[in-house]
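What Swiss-Prot says about this one:
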BINDING   His46, Cys112, His117, Met121  Cu cation binding site
DISULFID  Cys3-Cys26  disulfide bond
DOMAIN    1-129  domain 'Plastocyanin-like'
Amino acid sequence: AQCEATVESNDAMQYNVKEIVVDKSCKQFTMHLKHVGKMAKVAMGHNLVLTKDADKQAVATDGMGAGLAQDYVKAGDTRVIAHTKVIGGGESDSVTFDVSKIAAGENYAYFCSFPGHWAMMKGTLKLGS
């Protein structure tokens, strides 16, 4: 099974992957984020935050208040299944989570919680059959 996925982000606030299906035989799953743009993280930083789809907007809103030093993720937010750090152009980061944290039939979303990005920079994640 392919127990990882790579998502590229750019200076135009886009992810190149809109859907990730996690093979249910995977015990752990790794999400790799690459910033293929040129801009610095203070201006055009991106991260990858995984939550239930229903929690996406609230987590993004709370994350804005956390600031760049906290990677725009509220400390101790139990709605966050996994997240990368905020990266700038030419950088990359990865995060691994236990597949037991996601359930079949539930809709999950991954998004960038950098202020103003989440509405455009998002995708769906689900457990495969």
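From the backbone N, Cα and C atoms, a Cβ is placed for every residue, glycine too.
In the three-state DSSP classification, His46 (Cu cation binding site) falls within a strand. DSSP labels the residues of the domain 'Plastocyanin-like' (1-129) in these numbers: 24 helix, 44 strand, 61 coil.
The Cβ of His117 has fewer other Cβ atoms within 10 Å than any other of the binding-site residues His46, His117. Sequence-ordered, the extra residues of this chain that approach the Cu cation site, with Cβ no more than 8 Å from the Cβ center of His46, Cys112, His117, Met121, are Ser9, Met13, Tyr15, Asn47, Phe111, Ser113, Phe114, Trp118, Met120. Proximity of Cys26 (disulfide bond) to non-local residues of its own chain (separation of 6 or more, Cβ distance below 8 Å) is seen for Ala1, Cys3, Val99, given in sequence order. Most other Cβ atoms within 10 A: among the recorded positions Cys3, Cys112, Met121, that distinction falls to Cys112.
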